Protein chains: 4
Amino acid sequence: MEQTMAQDELHEECGVFGIYDLDGHDVASSIYYGLFALQHRGQESCGIAVSETQGPKGKVSSFKDMGLVNEVFNAENLERLKGDIGVGHVRYSTAGASTRENAQPLVLNYVKGTLALAHNGNLINANELRHDLEYTGAIFQTTIDSEVIAYHIARERLKVGTVEEAVQRAAAKMKGAYSIVVMSPRKLIGARDPFGFKPLCIGKRDNSYIITSETCALETIGAKFVRDVKPGEVVTINGEGEIFSDMTNAIDPCKEGRCIFEYIYFARADSHFDGISVYDARIKAGRFLAQDSPVEADLVVGVPESGNAAALGYAMESGIPYGTAFVKNSYVGRTFIKPKQSSREQSVRVKLNVVKEAVAGKRIIMIDDSIVRGTTSGLIVNMLKEAGAKEVHVRISAPPFLWPCYFGTDIPAREQLIAYNRSIEDIRDLIGADSLGYLRIERLKEMVSGLPICEGCFTGTYPLAPPTEDIRGEYER
Amino acid sequence: MEQTMAQDELHEECGVFGIYDLDGHDVASSIYYGLFALQHRGQESCGIAVSETQGPKGKVSSFKDMGLVNEVFNAENLERLKGDIGVGHVRYSTAGASTRENAQPLVLNYVKGTLALAHNGNLINANELRHDLEYTGAIFQTTIDSEVIAYHIARERLKVGTVEEAVQRAAAKMKGAYSIVVMSPRKLIGARDPFGFKPLCIGKRDNSYIITSETCALETIGAKFVRDVKPGEVVTINGEGEIFSDMTNAIDPCKEGRCIFEYIYFARADSHFDGISVYDARIKAGRFLAQDSPVEADLVVGVPESGNAAALGYAMESGIPYGTAFVKNSYVGRTFIKPKQSSREQSVRVKLNVVKEAVAGKRIIMIDDSIVRGTTSGLIVNMLKEAGAKEVHVRISAPPFLWPCYFGTDIPAREQLIAYNRSIEDIRDLIGADSLGYLRIERLKEMVSGLPICEGCFTGTYPLAPPTEDIRGEYER
Amino acid sequence: MEQTMAQDELHEECGVFGIYDLDGHDVASSIYYGLFALQHRGQESCGIAVSETQGPKGKVSSFKDMGLVNEVFNAENLERLKGDIGVGHVRYSTAGASTRENAQPLVLNYVKGTLALAHNGNLINANELRHDLEYTGAIFQTTIDSEVIAYHIARERLKVGTVEEAVQRAAAKMKGAYSIVVMSPRKLIGARDPFGFKPLCIGKRDNSYIITSETCALETIGAKFVRDVKPGEVVTINGEGEIFSDMTNAIDPCKEGRCIFEYIYFARADSHFDGISVYDARIKAGRFLAQDSPVEADLVVGVPESGNAAALGYAMESGIPYGTAFVKNSYVGRTFIKPKQSSREQSVRVKLNVVKEAVAGKRIIMIDDSIVRGTTSGLIVNMLKEAGAKEVHVRISAPPFLWPCYFGTDIPAREQLIAYNRSIEDIRDLIGADSLGYLRIERLKEMVSGLPICEGCFTGTYPLAPPTEDIRGEYER
Amino acid sequence: MEQTMAQDELHEECGVFGIYDLDGHDVASSIYYGLFALQHRGQESCGIAVSETQGPKGKVSSFKDMGLVNEVFNAENLERLKGDIGVGHVRYSTAGASTRENAQPLVLNYVKGTLALAHNGNLINANELRHDLEYTGAIFQTTIDSEVIAYHIARERLKVGTVEEAVQRAAAKMKGAYSIVVMSPRKLIGARDPFGFKPLCIGKRDNSYIITSETCALETIGAKFVRDVKPGEVVTINGEGEIFSDMTNAIDPCKEGRCIFEYIYFARADSHFDGISVYDARIKAGRFLAQDSPVEADLVVGVPESGNAAALGYAMESGIPYGTAFVKNSYVGRTFIKPKQSSREQSVRVKLNVVKEAVAGKRIIMIDDSIVRGTTSGLIVNMLKEAGAKEVHVRISAPPFLWPCYFGTDIPAREQLIAYNRSIEDIRDLIGADSLGYLRIERLKEMVSGLPICEGCFTGTYPLAPPTEDIRGEYER
């Protein structure tokens with residue numbers, strides 16, 4: 001038996017959440033709620049580390065394990081996490097390195113006491129940095145980039161006067177995507193790579209300050225959005241509630257490169273990054289599809305959940321009614337096992353079913369956010385036809401997916417991508433649709449009102465030169 | 001710490017799934033998939049019992065426990081369930097009697113071998129039947145009605161020649177709501193009460209026959225709908241694939257009384273019962289609301305998931321655009337714990353967040369399927385306003401909820417119902433809406449095209465005289 | 001992988017413990033401690049059921065599961081067991097029927113309220129009684145004899161005025177071995193079969209009364225031994241602390257038949273039954289062996305734990321020094337798994353190791369309580385030789401094991417018994433001993449000072465005619 | 001509720017087991033068996049790490065968790081541990097630092113690939129070494145000494161040509177007690193501190209080489225003892241089965257200091273270290289007690305298990321018969337919970353009961369290996385008296401326990417030791433014995449035939465100057 005459908009989806013590689021309650025209240029339950037709001041960013045492991053800023057300097061309580069937030073945490077272990085400053089993490093990783101040892105936050109003792117660190121992103125020079133460290137006698141107990149970052153912070157701390165300077169200097173050595181939250185005994189620090197690949201924002205609730213991956217986590221705990229952490233910025237929040245900004249690592253804003261897939265797929269529709277609402281971007285993508293790939297039809301439907309907003313945009317723009325074609329079974333989770341004799345079709349059917357009455361006899365425009373391998377798409381098109389749809393026109397709210405990502409998204413090998421070496425017409429034929437339209441690459445920047453973005457997975461051109469070797473090879477087991 | 005939000009929702013009390021594979025293939029994985037499709041009908045416990053029709057008569061393998069389908073079953077215990085005939089069950093119950101002993105299916109040895117039984121519904125004469133049995137020396141090891149039914153089947157079996165006759169005669173003694181699936185060594189039997197309170201249908205996939213609560217479970221396993229089990233009918237499927245129907249217990253069709261709440265709320269939108277599509281009924285409810293409680297507004301939104309179809313109907317009828325206002329966090333499940341210091345508001349926010357961009361500056365029509373205590377509704381209205389909605393008009397796709405249910409729905413005491421002793425205007429004020437409209441009672445029958453229904457929870461008039469005493473008292477602990 | 005060594009040992013089939021605290025204190029923790037003391041009588045499942053005699057009549061709280069006492073019970077579930085009267089049970093069973101459903105105590109509702117029942121022993125007419133009940137419409141949810149007993153109590157209760165009378169009349173129908181403890185809402189009742197196969201005794205601590213399998217459980221909870229329950233007796237303890245005795249079912253004392261294997265092997269050395277100390281009986285067995293099978297040697301050692309007392313007796317009688325030859329690893333428990341590539345020898349070595357210094361160069365007399373299949377014995381003799389023992393003389397503190405037991409001991413099929421169709425000399429040769437001596441059958445009665453005993457497993461002659469068919473066949477799966 | 005009796009016992013701090021199978025067979029199951037044999041050395045956590053010497057250099061599979069060997073390992077996780085070289089560990093620690101993070105073996109990547117390390121002992125300069133490392137930028141993820149050792153190995157490896165040289169040079173920096181097993185990709189290395197505080201030995205089975213804490217682990221897996229690792233020695237076993245010895249770190253043999261408590265209490269009686277049998281040492285201790293503290297009596301008994309061998313020695317020397325007074329309940333394990341209302345007496349009674357028949361009316365000499373706080377001893381003496389013992393003469397096979405241990409034994413604070421500031425007569429009075437005798441300090445060396453020993457816990461004089469500060473303070477949380 002094996003887990004299922006995971007193979008035909010893309011995966012984010014983490015969410016981070018840090019909080020400092022200046023009034024000294026325990027923060028573990030706020031982190032717990034925040035991680036629920038970030039769960040879509042990583043479902044393999046999660047963890048929380050907290051500390052008492054008024055207690056013995058450096059006493060950290062932490063708990064982390066494989067599993068979802070509601071599997072890992074219970075009344076008992078949450079109760080034991082006492083502290084007014086803390087960080088949390090949810091993680092997705094490729095199967096091999098998905099071990100308990102690699103769960104985050106990383107908690108460590110170093111020259112100046114303790115530190116807990118949560119990281120979202122992927123470094124492309126992690127191996128070089130790792131080797132350099134090893135040649136000065138470092139030992140590594142995990143295979144995650146966070147440990148490399150932690151080492152560099154510790155080493156820089158020997159040279160400079162504050163932990164935030166050490167974070168800035170360590171960050172200057174990192175190449176790639178990183179949004180980091182660091183808990184030191186009396187400071188909460190956030191850092192975002194100069195390209196701004198991954199989101200990171202600041203929030204506030206009463207006398208508590210939060211640094212986290214998405215604004216939806218702020219709203220979930222009742223906090224207000226303060227501002228985004230800027231690309232290249234190191235932000236420090238101290239015990240007086242002062243926010244210090246260090247822009248040493250920043251680059252020319254025009255060279256920044258936000259991950260466009262955060263807007264298309266990864267992020268929650270109720271989040272906004274760098275001034276752009278995820279929901280608005282998706283609505284726009286739908287509108288662009290309606291403009292660029294129009295088709296006569298009776299109903300626009302989204303593949304839940306992520307296709308719904310673009311479908312709404314398509315419906316608004318085209319005037320074709322929006323409808324619901326599918327019931328999604330939310331009880332079929334990560335741990336769903338696939339009995340031996342089950343087919344892939346069975347695995348899709350248990351997750352998704354068509355509402356016959358909604359589609360029978362109709363020409364359907366079906367909006368999805370991506371086609372990866374194409375197997376699931378083909379099955380869904382087929383389900384619509386079986387339910388009586390006269391035509392099924394598939395529209396994808398992103399361009400064809402063609403290149404690897406080195407900055408934090410887990411993508412299958414090129415050969416497994418349906419768009420690799422295939423024409424749109426071939427793909428249409430394979431998935432059995434009556435017509436197929438992708439979002440035009442030119443539309444991506446328009447979707448986010450001109451923000452500089454990374455669209456490497458569609459174009460092969462990255463804001464930062466990708467590594468020449470497979471960066472996952474050596475340490476992932 | 002305690003579980004949350006459950007208090008402000010209504011609950012179904014079970015789903016059943018039986019299957020007989022005439023080709024002798026194992027059926028446990030099909031039951032497992034079927035139970036996933038029925039999980040919305042009960043999340044407290046579940047179980048599967050199977051038997052080999054060609055093996056030693058009566059060897060039943062079973063497994064049941066507290067928890068969701070994906071918590072209770074794993075590769076190992078599914079593997080051990082060998083058999084070509086079987087029944088499965090998902091269960092919700094009031095807190096007190098939610099014990100492992102009460103999980104179903106009930107497996108038993110009796111005079112003619114073995115039997116496994118799964119039951120959805122609630123008997124109003126269970127206590128009398130139980131007492132009668134005790135006065136002839138019966139012992140009871142659970143507090144569920146199913147055990148009473150099992151006893152009667154066993155006793156009737158002494159008097160008649162076949163198990164299906166025994167089921168029919170036992171059913172004749174039951175008063176109340178029941179949809180039952182019985183597995184005997186070589187027959188699969190289904191029975192539905194004469195009023196047809198709870199749904200039950202027959203399906204077929206290749207050489208397998210299925211009797212289950214909802215048609216969505218048929219589609220999930222790739223089976224075709226054959227027909228509904230009729231109110232009062234006992235259906236028997238034997239090893240030759242013959243389907244026998246016994247209508248002895250049937251009553252005047254005009255006196256039947258389907259549970260209207262199945263259409264409004266409990267059932268999955270992709271199911272249909274007795275010729276009526278749940279989706280269609282909900283669309284209609286939305287249309288009726290638009291006709292009967294019109295209001296000027298910019299956007300119609302549903303409270304996910306169950307409010308969405310009615311919202312679509314409202315939008316269609318009114319011409320006001322349909323939109324999505326909420327992101328629902330599907331990772332917050334049954335086992336979500338509520339840390340001590342958390343407020344009810346926090347509990348709602350972790351489940352539901354508003355997409356500001358979708359609602360800001362707009363007049364919103366918010367469709368929900370019911371208001372029970374009203375606390376959650378108030379919080380949601382408030383969230384919309386905080387997000388910038390100019391007006392919030394609440395429309396409920398059911399009449400006000402005023403009376404107890406004796407036939408399988410778990411309803412709070414009258415005093416806790418928001419509509420009890422309050423005018424619509426009072427309720428509107430309490431939940432902070434700008435206007436409030438309920439579905440008119442007259443519309444209920446129209447929703448289901450004239451099917452005879454039970455609308456007792458709205459009117460206090462039931463198809464069957466309710467018990468004079470509290471029927472849950474004595475055996476529920 | 002599989003569990004190990006179990007195959008080469010004999011097994012008891014249960015221990016029972018009932019307690020009634022007249023001062024109204026909770027009894028669950030006393031039962032928990034009592035079950036620890038009885039754990040050697042059954043390691044497969046255990047359970048506790050309690051009730052509040054001053055609470056609503058019949059509210060029983062219970063918990064039972066597969067596993068050892070310290071695996072099944074924890075702070076949380078013990079805390080929830082509130083009540084001043086209760087029964088507990090530890091169970092061993094043959095593999096097939098070792099399911100959670102069959103765990104005890106059995107808790108039931110019947111005509112007069114509730115009852116919890118714990119049973120040690122084996123009925124030889126259970127199938128007949130079961131069939132008789134089925135022909136009057138009974139249903140069975142387990143495959144344990146206790147359910148048959150419970151039914152009969154419920155039925156008799158309809159005819160008589162008190163539960164104790166019902167127990168007595170039900171007991172009168174049972175053939176075979178039974179020691180039962182019954183908890184009714186306000187009475188604690190014990191019953192022992194007329195032959196007294198299995199032990200049962202009464203104890204008292206302050207204002208609490210206990211009925212349990214072994215006196216060691218009394219001492220473990222700090223209670224005093226009051227007296228044994230007599231063969232055929234039904235004992236009732238009421239809320240005033242009165243003890244009523246009903247001897248209706250008793251037979252001619254000379255025909256009684258205590259299980260001699262309780263003294264030889266099953267019971268703990270610190271228990272005493274029917275006036276005879278288990279320890280004394282084992283010391284005597286050792287002395288008899290020294291008298292009847294003397295041999296020149298340097299050291300007498302016991303195979304731990306059960307061979308130690310007899311070894312001490314042999315040493316006393318012979319004047320040969322007693323010593324310790326083995327270290328037993330008590331961490332290797334029931335759940336020890338045996339990796340695929342492991343040999344039986346490995347399985348023995350992980351449990352038992354020889355202290356070389358104690359045996360090297362010496363002629364050893366090794367005392368064990370039985371040889372079942374002989375494989376383990378052979379390995380142990382070999383280990384002694386490897387450790388340098390010059391000679392190994394094996395003495396068994398029981399006669400050769402030759403016949404099945406129908407009264408509660410799980411014995412392999414005759415063909416698997418080493419003594420079946422083999423001479424003593426053959427057995428000696430097989431296990432590699434230099435000499436071999438068994439206890440003479442005549443000595444058994446002497447061991448227990450003339451108590452009437454059942455020695456059927458050695459002689460094939462039973463106090464009660466054994467069943468003609470295999471009594472385990474039909475209901476054990 | 002809390003765990004119990006642990007407080008009144010002394011604890012060892014670990015056992016190690018390494019193995020290299022030159023024929024390429026998997027070693028995980030041998031480690032698993034070996035850890036069972038070492039379980040008495042640590043019951044809080046355990047782990048196994050293995051590697052394939054012919055596979056990709058450095059691929060380590062490992063599993064570790066809190067719990068006993070049979071709780072942590074099961075068929076599934078053992079099956080996944082593929083490799084022909086490996087190390088295992090069992091651990092005891094003081095409560096605070098008893099976390100999953102601190103479980104061993106420690107697995108790490110460093111400059112030359114991977115390493116797994118298991119450690120028994122306690123360094124007294126760990127904090128200094130840790131600080132030194134931190135001042136060169138090291139980070140620490142655990143609070144165990146093993147991480148300090150690992151760092152030094154990694155750093156030394158940069159300077160020298162082989163891992164074994166690095167181990168030797170790292171060891172040269174350690175002060176205190178350590179017996180280490182290191183797995184590198186193609187070598188198994190063992191190192192023992194110059195004082196030889198903790199045992200370590202080499203074994204061989206067919207073409208497999210083993211380095212482990214105790215010889216009993218060799219016998220358990222069917223291996224032969226080759227020799228002890230010498231104090232100060234670094235032993236390396238390569239892929240050709242060659243054993244290299246490096247004695248660079250050795251000191252004057254007369255200054256060595258074996259832990260005498262290994263012989264008295266910690267080690268299993270079937271082990272031998274440095275030429276001395278643990279069993280023989282205990283027998284001698286008993287004989288010395290008989291010579292130095294004679295008393296007229298009828299029976300000599302040991303407090304199980306560790307008092308039994310000394311009791312036998314006392315009996316041999318005195319001519320007073322040896323007997324068994326206690327039944328120990330081996331089912332009461334580490335996870336035994338103590339319900340709130342339970343007394344300490346209850347906790348002792350559930351573990352130990354007196355066989356009345358063995359002691360009633362007799363004058364008893366009771367041998368135990370130590371009195372720590374004295375509470376348990378007092379309860380046991382009382383139990384013997386209650387059982388009818390006329391006199392109870394306590395003899396302890398060690399001198400009074402008076403000083404802290406810095407080398408790996410967990411000892412309560414001085415104020416809690418019964419012998420602190422009390423005369424022998426005071427202690428005798430407190431525990432209620434009729435007489436009390438301790439082993440004379442002069443006898444300790446005699447017990448082990450003149451081996452140089454550390455007897456610091458009795459005399460306050462250590463082979464190595466103890467630290468001036470509390471060495472556990474800073475990093476243990």
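Quick reminder: no glycine exception, Cβ is built from N, Cα and C everywhere.
Together with C:Asp368, C:Asp369, TrEMBL lists one candidate of C:Ser293, C:Ser306, C:Ser435, C:Ser449 for binding Mg(2+), that being C:Ser306. Excluding the listed site residues C:Cys259, C:Cys405, C:Cys454, C:Cys457, the same chain places C:Phe197, C:Ile260, C:Phe261, C:Phe407, C:Gly408, C:Thr409, C:Glu455, C:Gly456, C:Tyr462 with Cβ atoms within 8 Å of the centre of the [4Fe-4S] cluster site Cβ atoms.
Under the DSSP three-state reduction, C:Cys405 ([4Fe-4S] cluster binding site) is assigned to coil, being neither helix nor strand.
Over the domain 'Glutamine amidotransferase type-2' (C:14-240) the predicted model carries a mean pLDDT of 94. Cβ neighbour count for C:Asp368 (Mg(2+) binding site): 23 (other Cβ atoms within 10 Å of its Cβ, all protein chains included). In sequence order, C:Ile264, C:Tyr265, C:Gly302, C:Val303, C:Gly307, C:Ala310, C:Ile367, C:Ser370, C:Ile396, C:Ser397, C:Ala398 are the same-chain residues whose CB sits within 8 A of the CB centroid of C:Ser306, C:Asp368, C:Asp369, the residues recorded for Mg(2+) being left out. On the backbone, the CA of C:Asp368 (Mg(2+) binding site) and the CA of C:Cys259 ([4Fe-4S] cluster binding site) stand 19 Å apart. Counting Cβ atoms from all protein chains shown, C:Cys259 ([4Fe-4S] cluster binding site) has 27 others lying within 10 Å of its own Cβ. C:Asp369 (Mg(2+) binding site) falls within neither a helix nor a strand when secondary structure is assigned with DSSP, and so counts as coil.
Less than 8 angstroms from the CB of C:Ser306 (Mg(2+) binding site) sit C:Tyr265, C:Asp368, C:Asp369, each of them six or more residues away in the same chain. Classification of C:Cys14 (active site, nucleophile) by DSSP places it in coil, neither helical nor stranded. Neighbour counts of Cβ atoms within 10 Å were compared across the binding-site residues C:Cys405, C:Cys454, C:Cys457; the minimum falls on C:Cys405. On its own chain, C:Cys14 (active site, nucleophile) has C:Arg41, C:Gly42, C:His89, C:Val90, C:Arg91, C:Tyr92, C:Gln104, C:Ala118, C:His119, C:Asn120, C:Gly121, C:Ser213, C:Gly408 as residues at least 6 apart in sequence with a Cβ closer than 8 Å to its own Cβ. Taken residue by residue with DSSP, C:Cys259 ([4Fe-4S] cluster binding site) is part of a strand. Counting Cβ atoms from all protein chains shown, C:Asp369 (Mg(2+) binding site) has 23 others lying within 10 Å of its own Cβ.
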